[in-house]
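J.: Marked as active site, charge relay system by TrEMBL: A:SER145, A:ASP221, A:HIS253.
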Number of protein chains: 2
Amino acid sequence: MEVVSENRSFGGRQIVAKHPSDACGCDMTFAVYLPPQAEEGPVPVLWYLSGLTCTHENAMSKAGLQEHAAHHGLAIVYPDTSPRGDEIANDEAYDLGQGAGFYVNAVCDPWKANFQMYDYVTDELRGLVERTYPVTDRHGITGHSMGGHGALTIAIRNPDRYHSLTAFAPITNPTCSDWGRKQLSAYLGDDETSWTNYDATLLLEEHGWKGDILIDQGASDQFLDLLKPESLSAAMARRRQPGEFRMQRGYDHSYYFVSTFAGEHVAWHAERLI
Amino acid sequence: MEVVSENRSFGGRQIVAKHPSDACGCDMTFAVYLPPQAEEGPVPVLWYLSGLTCTHENAMSKAGLQEHAAHHGLAIVYPDTSPRGDEIANDEAYDLGQGAGFYVNAVCDPWKANFQMYDYVTDELRGLVERTYPVTDRHGITGHSMGGHGALTIAIRNPDRYHSLTAFAPITNPTCSDWGRKQLSAYLGDDETSWTNYDATLLLEEHGWKGDILIDQGASDQFLDLLKPESLSAAMARRRQPGEFRMQRGYDHSYYFVSTFAGEHVAWHAERLI
């Protein structure tokens with residue numbers, strides 16, 4: 001593993017590192033924020049999964065999570081959103097291929113050789129983080145848009161490994177959305193039964209989630225038709241799923257929305273992880 | 001004036017606007033954050049002047065000032081750092097011409113036609129902001145690096161118009177630095193007596209500042225040789241200038257440094273402006 005950069009931030013360390021990934025078959029870059037409390041002993045981890053077109057860098061520089069993580073004593077991990085490189089399969093569209101891994105394990109060519117983001121995030125990178133940094137085995141997960149979809153599906157499928165769950169404007173029902181059908185078809189093939197493992201609404205209806213869930217969604221989000229907040233909120237209500245689905249007046253899909261509610265999400269995770 | 005974008009942020013409005021500038025002879029873009037309190041009545045203004053290579057956008061998306069401005073009820077104005085455009089003079093170096101206006105009024109060709117950033121910030125944009133948005137005539141000023149130089153020199157020269165003053169890692173003594181001599185020579189000519197109006201250390205030694213000043217400087221800043229914090233800190237001490245010069249262990253020159261101390265700077269201004 002190679003340290004790409006390190007910046008002091010709110011008394012802690014904002015680190016970017018690169019490592020060869022077995023799951024993705026290429027070098028992967030990620031960021032990790034270690035709060036000041038990590039100098040004294042291991043701290044819990046909050047995973048932040050980013051949205052379409054993002055790298056590890058967007059949320060690291062714009063979501064403003066560090067201040068709150070330093071206050072509560074949580075580490076933050078910011079994975080990339082896909083494998084990357086000239087040798088890696090890609091598509092001209094912004095919403096397929098590099099920058100658009102959708103946190104799935106691809107089974108179709110040309111994607112399956114590298115697009116194993118589900119395994120990468122849940123297993124390989126988690127192991128690397130736990131071996132490298134002073135963190136505990138208490139992990140929470142959140143994300144924005146495509147990353148909210150990732151957070152919800154990963155947590156619901158792995159309730160023993162994640163102890164808190166929130167999302168910002170998540171893609172909630174990709175099997176029924178143009179942000180989903182195209183990608184699940186490309187990565188997983190045309191048999192839609194295999195898609196259900198990657199659909200937060202369907203997973204929640206079947207399994208629920210052991211804890212309570214916090215979702216924030218901007219009421220003026222320009223992508224409401226693709227995110228389908230009504231699918232997940234209805235599933236939560238039908239399932240009697242403990243949690244809060246908050247429709248925030250006037251907010252759009254940008255990092256100005258994410259940063260506004262970042263403090264409440266970090267506090268939510270801290271309360272459940274520490 | 002044309003509104004380029006507006007995003008809800010911490011209950012307020014993060015606006016980007018473009019207007020034809022008389023001072024700069026071209027269209028200029030700036031950002032303004034209006035806190036929720038501005039819905040109820042006029043609020044004081046904090047000016048944030050950015051550093052080399054930046055536009056209005058860098059600090060707006062990375063400095064994290066909005067959360068604190070919303071808490072205290074201050075508007076933030078983020079000007080651009082120079083005139084811009086294909087018709088505008090430029091230089092291949094990152095530290096001269098577009099993105100590097102140094103907040104001076106140029107008197108030499110080819111710069112003088114457009115590089116009037118001192119007048120633009122102190123007069124034209126201020127007037128536009130006061131006419132357009134619900135703000136009071138209580139203004140504070142801060143900035144980072146070249147923008148810290150701008151904040152210090154503008155406030156010291158206009159004590160009747162600015163009521164609070166802080167800076168992040170400012171260029172303190174440009175008449176004695178490679179971040180300064182090259183630019184002042186290009187913009188103002190070889191007569192160094194005219195440069196003293198744009199040197200914070202020299203201005204402070206001569207005039208002092210009516211209020212107290214807060215300066216934060218990273219002890220691990222990669223540009224310490226160019227910023228020369230010792231010049232300004234010595235001038236403050238010689239002048240018996242009330243204020244705090246804080247050398248922050250481990251911090252570099254990045255926005256991770258700025259965002260870490262953004263809350264304390266906004267609180268400092270709020271205490272003196274409201």
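Indices start at 1 and increase along the chain as displayed.
Using N, Cα and C of the backbone, Cβ positions are placed for all residues, glycine too.
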J.: Whole-number answer please: how many Å between the C-alpha atoms of A:ASP221 (active site, charge relay system) and A:HIS253 (active site, charge relay system)?
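T.: With the alpha carbons as reference points, the distance is 5 Å.
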J.: Taking the Cβ of A:HIS253 (active site, charge relay system) as the reference point, list residues of the same chain whose Cβ is under 8 angstroms away and which are at least six residues distant in sequence.
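T.: Long-range Cβ contacts: A:SER145, A:ALA169, A:GLY218, A:ASP221, A:GLN222, A:PHE223.
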J.: In the structure shown, which of the active-site residues A:SER145, A:ASP221 has the fewest Cβ neighbours within 10 Å?
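T.: Candidates: the active-site residues A:SER145, A:ASP221. Fewest Cβ atoms within 10 Å: A:ASP221.
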J.: Provide the three-state secondary structure of A:SER145 (active site, charge relay system) computed with DSSP.
T.: coil
